[in-house]
Amino acid sequence: MLTFYNVCSVPSSFQLIGIPGLESLHIWLSIPFGSMYLVAVVGNITILAVVRVEHSLHQPMYFFLCMLAIIDLVLSTSTMPKLLGIFWFGAGDIGLDACLAQMFLIHCFATVESGIFLAMAFDRYVAICNPLRHTIVLTHTVVGRLGLAALLRGVLYIGPLPLMIHLRLPLYKARVISHSYCEHMAVVTLACGDSRVNNVYGLSIGFLVLILDSVAIAASYVMIFRAVMGLATPEARLKTLGTCGSHICAILIFYVPIAVSSLIHRFGHQVPPPIHTLLANFYLLIPPILNPIVYAVRTKQIRERLLQILKIETKIR
């Protein structure tokens, strides 16, 4: 490590401390966090396997669901193994490049997930408002291109964050990050240089992703509800809205924790640091855990296929 003026330095690594203020409880916290990570991995792999083997699920909505499952696996796996290492072994040391890579993966795939939710809202809009053209508009090729567009958007939006830190902020006044992973603002606050550009860019990207995507999704559902209200019978309205139930639940599961965590981070200066860090971890864990459960419970084809698999395993035993 190179040091300048005994104040700022060029670190080769950082030290993650896990959940600040709760270090004495780390071994106990590893039990719920490890259990949640296991549920997230098993649940999302199960969704991928069921959609793969069940040909009736080879439809746009379920292809998007598979994309969500992959994204959730990346988000949870980019943070939880390191966090469990901190809890179990005190292995908080993380190299500078690894820290920036983790930062990129977390923020990039959170952005990609928002883009997939937007694509799913478009899918529901076409399926309900223009059902005769649904299979024509949302072909397998179009679904793949929408997924690729969401990925490229995430890379383009988030790619500059670690690059700006690497190029503009090489000096740091400390190497201890009061967080469980390399969150952008947690790293930037340790920098010695002028971080205003990084702060403005981070806030701008947060606005573009969270606000604009939310508005676009809300607009699509306004048009969906207008179309549904035009149906002849209440039964038809409920049946049509039922096809959107899983998507609406998944949207709320994704956006509400992020919005709460962001508001507390920006304005909740009186909130204890452990609450900040726990919320930041929960918004990376809650969607990977609940998305497979929501779709398994609310989607008839997935539910029936899972029950069929369980019956086969019971007969074999």
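Glycine too: its Cβ is placed from the backbone N, Cα and C atoms.
Remember, TrEMBL labels are computer predictions, not curated facts.
According to TrEMBL, the feature transmembrane segment maps to 27-50 (among others). Within the chain, the transmembrane segment (27-50) has long-range Cβ neighbours (under 8 A, six or more residues past its boundaries) at 18-19, 57, 65-66, 69-70, 72-73, 76-77, 80-81, 83-84, 87-88, 281, 285, 288-289, 291-293, 295-296, 302, 305-306, 309.
The domain 'G-protein coupled receptors family 1 profile' annotation in TrEMBL covers 43-295.
The feature transmembrane segment is assigned by TrEMBL to 62-80 (among others).
If you look up TrEMBL, you'll see 100-122 (among others) marked as transmembrane segment.
According to TrEMBL, the transmembrane segment annotation covers 142-165 (among others).
Per TrEMBL, the feature transmembrane segment maps to 205-228 (among others).
Within the chain, the transmembrane segment (240-258) has long-range Cβ neighbours (under 8 A, six or more residues past its boundaries) at 61, 68, 110, 113-114, 117, 120-121, 124, 127-128, 210, 214, 217, 221, 224, 228, 231, 279, 282-283, 286-287, 290-291, 294-295, 298-299. Residues or ranges marked as transmembrane segment by TrEMBL: 240-258 (among others).
Here TrEMBL flags 278-297 (among others) as transmembrane segment.
Non-local neighbours of the transmembrane segment (100-122) in the same chain are 61, 64, 67-68, 71-72, 74-75, 78-79, 82, 94, 143, 146-147, 149-151, 153-155, 157-159, 161-162, 165-166, 181-184, 187, 205, 209-210, 213, 216-217, 220-221, 247, 250-251, 254-255, 258, 284, 287; each lies 6+ residues outside the stretch with a CB under 8 Å from one of its CB atoms. Residues 107, 110-111, 114-115, 117-118, 121-122, 124-125, 128-129, 157-158, 161, 237, 240-241, 244, 248, 251, 255, 258-259, 262 of the same chain, all 6+ positions outside the transmembrane segment (205-228), place their C-beta atoms under 8 angstroms from a C-beta of that stretch.
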